[in-house]
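The structure under discussion appears below in the form of C-alpha cells.
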Amino acid sequence: MFLIEKRRKLIQKKANYHSDPTTVFNHLCGSRPATLLLETAEVNKKNNLESIMIVDSAIRVSAVKNSVKITALSENGAEILSILKENPHKKIKFFEKNKSINLIFPSLDNNLDEDKKIFSLSVFDSFRFIMKSVNNTKRTSKAMFFGGLFSYDLISNFESLPNVKKKQKCPDFCFYLAETLLVVDHQKKTCLIQSSLFGRNVDEKNRIKKRTEEIEKKLEEKLTSIPKNKTTVPVQLTSNISDFQYSSTIKKLQKLIQKGEIFQVVPSRKFFLPCDNSLSAYQELKKSNPSPYMFFMQDEDFILFGASPESSLKYDEKNRQIELYPIAGTRPRGRKKDGTLDLDLDSRIELEMRTNHKELAEHLMLVDLARNDLARICEPGSRYVSDLVKVDKYSHVMHLVSKVVGQLKYGLDALHAYSSCMNMGTLTGAPKVRAMQLIAEYEGEGRGSYGGAIGYFTDLGNLDTCITIRSAYVESGVATIQAGAGVVFNSIPEDEVKESLNKAQAVINAIKKAHFTMGSS
C-alpha cells in the first residue's frame, strides 16, 4: 500500500501541569464525543503515574461483525481516507458515504488451524491499512496513537459461538486516531501537547497549529470543578437476574464441570443505575478505588468509565516482550462496622485467601491458561511466570495475581497477539472456547464492553490494554455495571453471588455518591 511520503508533521508544545486530569478533561473536552482519558497508578501506593488524553480525534474506527466503518472527524482525517480509497484490498468490499468508508471483510474460516487463522484477513487489518498509509519516518512515540475499546463480543468473529441478543450500541471495537494528544507525567510533573498532521493540506496545518496554541492557553486558565447535580430522589439498583437466578445458573454450570465439559467458567450479571453525570462518577471512583488502569471514554453512542485492576495484554516493541496479568481469587476487604479498615481482620482475610485450596487451584489453572495463550505466539523457550500468587488490594476487594511474560514471535505484531489471546481467561474460564460458548448460552445476551479490553496501540508497535472490569457502560442515561465470579467444581454458589456484587460495589457506590445525597438508596 502506498505511503503518504513525508507528509507526517508533528507539533509538540510543553504546557502547564495540572495534578487532576479529570478536571483537565472536563475543561478541554466537555461532553464532546471521540474523546478519551487513560490513566495509570501504582498498585500499592496508589500514586498517579501517567495520564494520556485524546482531546481531538482525526478518525473514528468501529466494527460490527465483519464490517468496519472509518469516519473522518476532520479534514486531517479525511486525508487518510483519501489514501485508503485509492488502494482498496481485492478481497474487501468497499463502500463510501459522506465522510465515511465501510470495509466489508470476508468471513473467517473457523476450521483453519491456529497458525493459519492468525494470518487470515480480518477486521484487525483495517488498523494495519491505516498505519501503512502514513509513513512515520522519524519513528516518533505516540505520533500515530489509537485509543479505544475492544469489546468482549469481538470474539464471535473468530470463534463459533451461539448467537446472542445485542441490547447495547457498543460496537465490536471502537478506536479514535488522536489528532491532538495530551501526555501528562505525574512523577515529573510535566505536560506535553502533541498534534499530528496526516496530510499536506496547508489550511489544516495552520488550523492544527492554532488549535495546539489554543489548548496551551486553556491550560493556563483556572480550571473549573466538575459540576455535581445531586438529587434526594431515592434510586433503586436493579439487576438483569436475581440472586436466586444467578445461583441457579452457577449450579447448572457446576453440573457441566462435574461431567468434564469445562474446568472453570465465569458467568456474569448486570446491575443498572441512573447516571447522567458520568465524569463526576468517574472522579468519585478514582478517589475511592485508584487502580493500575483508569479510563473515561466518551463516544457518540455511549460513555464508558472504570478503574480496572487487571492488565489485558501489554506489548513492548523494543524488546518484543508480551505480558498477561491473570487475576483470580477475590475477597472483600476487612472492615469495622463503621466502614473503616480493620488491619487485623484484613490480614486474616488475606491469609485465608492465600491458603485456600479452591482459590489457589482456580488461580493456578488460569495462570496455566495464560501460559498456553502465550505459547502459541511466543518464541520457544521465552515464556515464563515472572510473578506468582501475589496479592493486590483495592477499596472493596483484594485479589490473587500473577504475571506471565514471553517474547513475541517474529512476523507477528501486537494486534496478532491480542486476536490470538482474546478474551482473557479470567473473564471466560477454561477450556476457553467451550467456556465462552456456555457463557453465551446461559447469559443469552452480548457482554459489550465488559470483559473486553480498553487501552491504546501505536504504529511503532506498542500496545497497552486492561480488561474492562470494575466499569460502567452508560447509554441513554443508564449505567450498566457488569460483574462475574469464577466458578469451579467446589465453588459455593452463595459465595459467588456475593462476590459478583462485591466486584461491582466500588462503581455502584461512585455513581451513587456523584448523583445522590446521603440518605438516598
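Backbone N, Cα and C define each Cβ position, glycine as well.
Fair warning: this is a prediction, and the values are worked out from it, not measured in the lab.
The L-tryptophan binding site annotation in Swiss-Prot covers THR40, PRO292, TYR293, MET294. According to Swiss-Prot, the chorismate binding site annotation covers GLY329, THR330, TYR450, ARG470, GLY484, ALA485, GLY486, on the basis of similarity to another entry. Taken from Swiss-Prot, the feature Mg(2+) binding site applies to GLU362, GLU499, supported by similarity to another entry.
Feature map: Swiss-Prot annotations on the structure.
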residue : record                    : Cβ contacts under 8 Å, 6 or more apart
THR40   : L-tryptophan binding site : ASN48, LEU49, GLU50, SER51, PRO292, TYR293, MET294
GLY329  : chorismate binding site   : MET353, ASN356, GLU359, LEU360, GLU362, HIS363, HIS399, LEU400
THR330  : chorismate binding site   : MET353, VAL397, MET398, HIS399, LEU400, ALA485, GLU499, ASN502, LYS503
TYR450  : chorismate binding site   : TYR152, SER268, THR468, ILE469, SER471, TYR473, THR480, GLN482
ARG470  : chorismate binding site   : ASN289, SER291, GLY306, ALA307, SER308, PRO309, LYS503, ALA504, ALA506, VAL507
GLY484  : chorismate binding site   : VAL266, PRO267, SER268, ARG269, LEU427, GLY451, SER500, LYS503
GLY486  : chorismate binding site   : GLN264, VAL265, VAL266, ALA328, GLU362, LEU366, THR426, GLY429, GLU496
I'd like the number of other C-beta atoms within 10 A of the C-beta of TYR293 (L-tryptophan binding site), please.
25
For GLU362 (Mg(2+) binding site): DSSP state (helix, strand, coil):
helix
With H, G and I counted as helix, E and B as strand and the rest as coil, say where DSSP puts ALA485 (chorismate binding site).
coil
Do you know which of the binding-site residues GLU362, GLU499 has the most other C-beta atoms within 10 angstroms of its C-beta?
GLU362
Span of the chorismate site, taken as the largest CA to CA distance across GLY329, THR330, TYR450, ARG470, GLY484, ALA485, GLY486 (Å, rounded to a whole number):
19
ALA485 (chorismate binding site) CB neighbourhood, other CB atoms within 10 A:
23
Three-state secondary structure of THR40 (L-tryptophan binding site) from DSSP?
strand
Other same-chain residues whose Cβ falls within 8 Å of the Cβ centroid of THR40, PRO292, TYR293, MET294, the recorded L-tryptophan site, in sequence order:
LEU38, GLU39, ALA41, LEU49, SER291, PHE295, ALA307, SER308, CYS466
If you count other C-beta atoms within 10 angstroms, which of the binding-site residues PRO292, MET294 is the most crowded?
MET294
